[in-house]
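Asker: Per TrEMBL, the feature active site, nucleophile maps to ASP34. Annotation source TrEMBL lists compositional bias 'Low complexity' at 276-287. Marked as domain 'Glycosyl hydrolases family 45 active site' by TrEMBL: 29-40. The region 'Disordered' annotation in TrEMBL covers 276-295. Summarising the annotation, TrEMBL assigns signal peptide to 1-23.
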Amino acid sequence: MKANLVFSVLFSCLLPIIIYAQASGSGTTTRYWDCCKASCGWSKKATLATGSNPVSSCDISNNPLTDYNAVSYCASSSGTAFMCGSQTPWAVSDTLSYGFAATTISGGTEASWCCACYQLTFTSGPVAGKQMIVQATNTGGDLGSNQFDLAIPGGGFGIFDACTHQYPSTPASAWGAQYGGLSSRTQCASLPAALQAGCYWRFDWFLNADNPSITFKQVACPAALTARSGCVRANDAINETPTGPSAVPTWASSTSAAGSTSSAITSTSKSTSVGVTISTSSTTSGAASGGTGTPVARYGQCGGSGWSGSTVVS
């Protein structure tokens, strides 16, 4: 018995311990909305906090699914899982927004970025100086290094299109160009009602910026984001306990239509309410380390690896 105990202790000491570095650096942004189940919605993509689940997927009627192995419609025409309409961006203040993104971080894998949150500071275009905290809910083989593909309704399907099946009453033409999506704010009114607020956000807060550059760093997720995604990572590079309230009011610009950027919240998880601190200091260039996740098939992000052209529709 004692010999077995000694052997067990020695063996456990030899097992690899995976420690992820806090990711930071500079990168690029694009935009998309393809209605596909998020890649981080599958089980075992990352180590999650006790009681947490992968990113929530929804059925064709935007009801959250409890089967995290439900097949994406983008993988099979018989698939029943789609992107949830609640996972859209919204403004917290004139200079801060929350949202979701597909991403690829240099040196990392899905194991290191799925459900992690990143504070983006825009460094070009009309939003230069503004900040956005996004939760990584998706990934894709068509993304470049340190690329954040912002999930914005009407931002363009990219490779895949599940939207015309999930929202059959909305014609394909209403979604805009495959890459870039809609070209004007007025077109947002043609999208499904559940997605219009996120579309208006692009023109009201994001000022229709076209793929602005960024600096970024990994931060603890706001509870308002994890309440929508249902996903919380276990502590690794940082303390991953969600911060702030699980419901954050939407800031409305005095120049935008009343209520046009409001967004309903569908909570799928319980979060701890503590203060939120937003840093305004510059980030240090670096990369995420390690990771044991495996590459996945493309999930339809807009503007793939090597893409340098505009996604503004003329």
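First residue shown is number 1, and so on along the chain.
Keep in mind that glycine also has a Cβ here, set from the backbone N, Cα and C atoms.
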Asker: Can you check what DSSP calls ASP34 (active site, nucleophile), collapsed to helix, strand or coil?
Answerer: coil
Asker: For ASP34 (active site, nucleophile), what is the tally of other C-beta atoms lying within 10 angstroms of its C-beta?
Answerer: 28
